[in-house]
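Feature list (source: Swiss-Prot):
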- 65-78: compositional bias 'Basic and acidic residues' (COMPBIAS)
- 65-86: region 'Disordered' (REGION)
- R168: active site, proton acceptor (ACT_SITE)
- D449: active site, proton donor (ACT_SITE)
Amino acid sequence: MSQVDAQLKDVAILGSVSNEARKILTKEACAFLAILHRTFNPTRKALLQRRVDRQAEIDKGHLPDFLPETKHIRDDPSWKGAPPAPGLVDRRVEITGPTDRKMVVNALNSDVWTYMADFEDSSAPTWDNMINGQINLYDAIRRQVDFKQGQKEYKLRTDRTLPTLIARARGWHLDEKHFTVDGEPISGSLFDFGLYFFHNAKELVARGFGPYFYLPKMESHLEARLWNDVFNLAQDYIGMPRGTIRGTVLIETITAAFEMEEIIYELRDHSSGLNCGRWDYIFSFIKKFRQHPNFVLPDRSDVTMTVPFMDAYVKLLIKTCHKRGVHAMGGMAAQIPIKDNAEANDKAMEGVRADKLREVRAGHDGTWVAHPALASIASEVFNKYMPTPNQMHVRREDVNITANDLLNTNVPGKITEDGIRKNLNIGLSYMEGWLRGVGCIPINYLMEDAATAEVSRSQLWQWARHGVTTSEGKKVDKAYALRLLKEQADALAAKGPKGNKFQLAGRYFAGQVTGEDYADFLTSLLYNEISSPGTASKL
């Protein structure tokens, strides 16, 4: 029996495998996935249990703080992260989006520096979405992704170097139920990373780039250590020098914010910086402190990047990254053009401009946009205020952020019925799309992904849990939350196309907005609705 066949013992693919998919789900690639699972899944499960234990401590009132046991790492000025890899020196504007073929072509044709191809929050992880995404990136890297849809042709431009590709894998908490090893589903992280790396790492290096990743939803430096171990094994396995991979970590949980230096340290030979994951960070803030009434936040529109706890997080991230010689990436501009209202569009674009100006002046090295039309605005601002490829020389020695700063909930604003209805509308609309296999939904001219839906349902839970009173004088309780939910779900279902899933979304949402049950992640809660493991396909 060959080594590959030995690894494939007790490996099963429980999703359909098309002829196209066979070039991705090769025996060799599946054997590599099996090795990743068998080597790292026990550690992953232990780290996920650690999250549960930490939440229990926070519920008891033990709030996060900088770790005393890693103070020596923070205090040691001598170490640095890895130098920027080819194609990652200048990252002033990054476009993000799912990995469907049309998005891949449009993103790579945009006037941006990098494209974050997303298997995570802007993709619903149906088996077809995940496998087709791998096929599309495989083809894009080899410049064979052109296709025709109806009368429209989608072709990669050839007049300049294309943006650097960065793949975002799913977070450590998500499973891929269509691929099992020894009877267990593989981690979504290892599945997404493993297939992309195995097929494309050498091809990317040959083309002057490398296997680059965005790493989401981490909650501690130990989770970064696990990624680093995965990277080392993967590079050794295919005979690639260690330190070729790069990973940019999204700091989008409040616990990770206290461990930024340690996260860079754990990944130091593979680190390409940190990113401000705005909406997930707010979600994490509400989620982690949901049992504490003094952490109740006002309407989501009042929780801007300039409120104390968000401002502190941004400043600390920039200072930390530049101290260690890696990129400090800014957050998402989620606006999409308003084509039928010039005045409203101008106002929205001015908002984008102001946000990007705040980022570049703060010292960020680049920023995110969700729509190609915003790239020119972001580029214009960064080109004007950042003439160099990045701002690592901006050290922010003036910044001294304390634990109290990161936990400062002094947020001016109010809780309104309009805010409640907006949260219901966003949560229901996003969940309904996700249940149809769409992970990126335009709502009120904003491109919403899982993070914004998470903020919406977490706020509703928090307000009901603590019985807040709206500015109109209405007490938010279970009955009130469920009444408004029913009104919104009925209205959206009536207005939506035939066969929509708003009532199903409403049934799931009802369990999340009363201040009682609270699912760790909406995506985990809904996953069984869009996963359809069947009989095993032949390997």
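Placement of Cβ uses the backbone N, Cα and C atoms for every residue, glycine included.
Keep in mind the model is a prediction, meaning the values are calculated, not measured.
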Secondary structure at D449 (active site, proton donor), reduced by DSSP to three states: coil
Cβ contacts under 8 Å made by the compositional bias 'Basic and acidic residues' (65-78) with residues that lie 6+ beyond its boundaries: 221, 258-259, 261-262, 265, 323, 403
Integer Å distance between the CA atoms belonging to the residue listed as 'active site, proton acceptor' and the residue listed as 'active site, proton donor': 14
Three-state secondary structure, which DSSP defines for R168 (active site, proton acceptor): strand
